[in-house]
Amino acid sequence: MTSPRSEFLQVVAERGFMHQCTDLEALDKRLGEGPAVAYIGFDATAQSLHVGSLMQIMLLRWWQKTGNKPIVLMGGGTTRIGDPTGKDEARKMLSDEDIARNMAGIQTVFAKYLSFGDGPTDSMMVNNADWLDQLNYISFLRDYGRHFTINRMMTFDSVKLRLEREQPLTFLEFNYMILQAYDFAELWARNKCVLQMGGSDQWGNIVNGVELGRRVHGAELFGLTSPLLTTSSGAKMGKTANGAVWLNADMLSPWDFWQYWRNTEDADVGRFLKLYTELPLAEIAKLEALQGAAINEAKKILAGEVTRLAHGEAAAAEAAETARKTFEEGALSANLPTVSVAAGDLAAGITAFALFVQAGLVTSNGEARRLIQQGGGRLNDQPIKDPAQPISSADLKDGVLKLTAGKKRHVLVRPE
RNA sequence: GGAGGGGUGGCCGAGCGGUCAAUGGCAGCAGACUGUAAAUCUGCCGGGGUAACCCUACGUUGGUUCAAAUCCAACCCCCUCCA
């Protein structure tokens, strides 16, 4: 089709959010008729979402910004099943307490990206446990199970891949797609929700929902998926050395979050600016055209914008300033991550390798020794030659010690 | 219930009585080169220890042996086929 007329779909197309859509023209037409309701589901598998989900959150944000109503669906019910999509084996069962705790952690992040309330374009949050938990098995099978054929279910990747790899797929997991389809139909019935979005791996689950809605409610529903993002060198988004890039500040500090974006590969800068910031496309075009070292400026803007959305203006500014002092001036910034050691211990002297362990820069004495022996350990910006070198109060500068592991990881140590 | 195959370090995957903390690949870390990028090259990559060396580890538990990831027994789990 030609370029979409609706503002939402224009944004989605221009900025790279579009992977597949069940019926782009019809959805465009529907959006032209007035505000619509769309949802994205988030299962409560961890205490925080990570940047892998950020594209979905931005989609909801654009949806709201372009005059529509977003629904955030918390998968309180479906998390008890476990989505087999893209997994080689069943995830361990999460207890109800874990799920409740995870949901509480995840919910907080949405308030930063969406405005909630009762207005026509205000976002709302619902929990599919509200309807899934009370389903009656036989009734459900008769009303909904008859719309699914095993023949067709076996053709979906989530099922097919497991079977082809001869990995077990339990009946519990096999039901996941049915429940997700039911969610969509239910959200149509309750809130006239007409669109489900999600990552491309959710395509099968989404299509099932579209079809189920048509069969049981005669509703015209739509699905739209975003591409699975990898970095230019092929790594999945959101993973780093120390684990996932969490969106919650208590799981990953705004400083580390800023650093993650600052270290974006050159080739990804333009793509990420379009997806994860709201800068005008013309400005992004200029930034991504920067060559050589100049593109670092674009990375700083990327880091600043993304951090501002996730953690606020102040946190973003502080991270930028800390980075400037630390990396560009080589000066000491008081806002670097800080750990404390007992003043008495420091006065007595602590071996360098032990201090690196205490500072959390490495996880074992052996690793600390290796780091230092290989020339990757510095104290107050001076290389440490001997892992056993004692460090004491005499090394304090302005009341702190600055420890560095490698080129990028800095920690301040304060006696207390 | 029967027959066969399999469970090895974060992952994949060799090993099949000693020379095995266990080949190789991926991931990760450090150094060089750079731009807090990528690619490349070099080193490292279970824990403790300056080191000698010690401890833990090859599904679980016992056993054989001077010596077991490797052999035996029982058990647990997974896969395939049959009933």
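Placement of Cβ uses the backbone N, Cα and C atoms for every residue, glycine included.
Bear in mind that TrEMBL entries carry predicted annotations, made automatically and left uncurated.
Annotation note: A:Y39 (L-tyrosine binding site) sits in a strand segment as assigned by DSSP. In sequence order, A:P70, A:I71, A:V72, A:L73, A:F184, A:L187, A:C193, A:L195, A:Q196, A:M197 are the residues of the chain that are 6 or more apart from A:Y39 (L-tyrosine binding site) and have a CB within less than 8 Å of its CB. Feature annotation from TrEMBL assigns L-tyrosine binding site to A:Y39, A:Y176, A:Q180.
Mapped onto DSSP classes, the motif ''HIGH' region' (A:44-53) shows 3 helix, 1 strand, 6 coil. Summarising the annotation, TrEMBL assigns motif ''HIGH' region' to A:44-53.
Under the heading motif ''KMSKS' region', TrEMBL lists A:236-240.
Sequence annotations record features per position, and here TrEMBL assigns ATP binding site to A:K239.
Within the same chain, the residues at least 6 positions away from A:Y176 (L-tyrosine binding site) whose Cβ sits under 8 Å from its Cβ are A:T78, A:I81, A:G82, A:D83, A:P84, A:T85, A:S158, A:N205, listed in sequence order. Around the Cβ of A:Q180 (L-tyrosine binding site), the same chain contributes A:G41, A:T78, A:D83, A:N205, A:I206, A:N208, A:G209, each under 8 angstroms and 6 or more positions distant in sequence.
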